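Features reported for this protein in TrEMBL:
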TRANSMEM  37-57  transmembrane segment
TRANSMEM  77-96  transmembrane segment
TRANSMEM  116-134  transmembrane segment
TRANSMEM  141-159  transmembrane segment
TRANSMEM  179-201  transmembrane segment
TRANSMEM  213-234  transmembrane segment
TRANSMEM  272-295  transmembrane segment
TRANSMEM  307-326  transmembrane segment
TRANSMEM  338-355  transmembrane segment
Amino acid sequence: MNKEIISSKQALSIIVTFILGSSVILGTDREALQDSWITSLLAIVAFIPFAFLYAKILKLYPGMDFFDIVVKTFGNVLGKIVIVIFFWYAIHLGALVMRNFAEFIRIEELPKTPQLLFYTLMSFLCIYVVKSGVENLGKCAVVFLLFYIFILFSVTAFSVKNFEFNNLLPIMRQGTGTILLGTYSNLTFPMAETVLLLPVLSSLKSKDSPYKAYFWGGVLGGGLLLIGTVKNILTIGYPMLSEVFFPHIEAAKLIVIGGSLTDVLARIEESVVVAFTFTCFVKISSCLIAATKGLARIFNIDSYKKLAAPVSLIMTALASILYSSLGEMIGWIPVYKYYVFPFQVVLPLAIFIVAEIRKIKQRKKAAPQVAQS
């Protein structure tokens with residue numbers, strides 16, 4: 001079986017688009033109110049150690065798939081238990097993003113359309129890209145990221161006339177504790193969710209550095225979220241931002257374009273919806289790849305692509321039963337940052353530490369043999 005290969009540019013684009021994901025729908029931390037831009041900035045800095053940790057795991061055994069690294073580190077039995085945990089997180093996160101997307105489209109665009117249709121269409125697209133391979137996901141991510149950047153800067157430029165810089169004041173009013181909690185919220189959603197990209201980035205070219213991909217992916221992805229956060233605060237401001245479900249689209253709706261541009265951009269929010277669809281598609285597809293690769297390793301199936309349809313069906317079914325209402329979905333956000341701690345912090349640290357201990361023992365064991373020879 002030929003190993004799938006993605007370039008550093010594709011890896012970077014996947015990471016950035018994954019970070020954007022459903023964050024561009026729900027927005028980032030709102031606990032710090034007008035200081036949310038500070039928490040977004042601090043989250044980028046806080047992510048740097050995580051970026052190096054995740055990249056280091058991929059470099060433990062160069063050329064080896066992430067789940068093979070897990071089994072090599074913990075052994076067959078314990079390793080597969082760890083893979084089951086990652087499988088659940090991939091399925092759950094993919095379902096969360098799918099539900100976020102479906103709720104967004106239902107409320108903003110097609111209120112009378114059954115959500116099952118949104119799930120089905122997104123599932124088919126994700127199954128197709130998974131069966132096409134990681135390389136095609138990388139190609140899609142490059143194009144989608146460029147489109148999103150264009151839309152973000154266009155919306156920001158057209159929103160300038162609506163900016164109220166007093167909305168940023170007073171700075172640090174919420175206190176250090178609230179800002180640190182908001183930073184942690186932004187770190188766990190969405191920055192450190194990129195731990196699920198480890199199975200995807202196992203396909204990175206051997207000559208390319210996962211450190212650079214994770215570092216610059218975090219900086220660029222976090223930077224784009226920071227721009228969006230500042231734009232929303234300047235345009236809408238608090239406390240009004242606390243009352244809206246989807247702040248980015250609400251900010252876009254405030255844009256009024258006249259003159260010769262009316263016919264082209266009068267409905268610029270539609271372009272925003274398309275951009276959001278692209279980012280959610282990449283994130284759900286990445287989660288599906290991680291889940292199918294994990295399940296294939298658990299049952300020793302030669303190709304993870306065979307599992308794309310059944311795993312997607314599980315993800316879709318889970319998405320449909322996660323919440324009973326939009327309010328319940330929004331209410332889950334403050335809880336999420338505690339729920340993901342084992343997936344984003346404990347397990348990656350355990351993999352790294354145990355693998356390093358094993359490698360040290362192997363070197364010590366090999367040293368006498370080298371001396372005797």
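Backbone N, Cα and C atoms are what each Cβ position is placed from, and that goes for glycine too.
Keep in mind that TrEMBL annotations are predicted by a computer and have not been checked by a curator.
It should be emphasised that the depicted structure is a prediction, and the values quoted were computed from it without experimental measurement.
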Top stretch by Cβ pairs under 8 Å to the transmembrane segment (213-234) (candidates 116-134, 141-159, 272-295) is 141-159
Can you tell me which of 37-57, 116-134, 141-159, 272-295, 307-326 gets the most C-beta pairs within less than 8 Å of the transmembrane segment (77-96)?
272-295
Are the transmembrane segment (116-134) and the transmembrane segment (272-295) near each other by the rule of at least 3 C-beta pairs under 8 angstroms (pairs 6 or more apart)?
yes
Interface-richest range of 116-134, 179-201, 307-326 toward the transmembrane segment (37-57), CB pairs under 8 Å:
179-201
Surrounding residues of the transmembrane segment (307-326) on its own chain - C-beta under 8 Å, 6+ positions past either end:
91-92, 94-96, 98-99, 102-103, 107, 115-116, 119-120, 123, 126-127, 130-131, 245, 284, 287-288, 291-292, 295-296, 301, 332
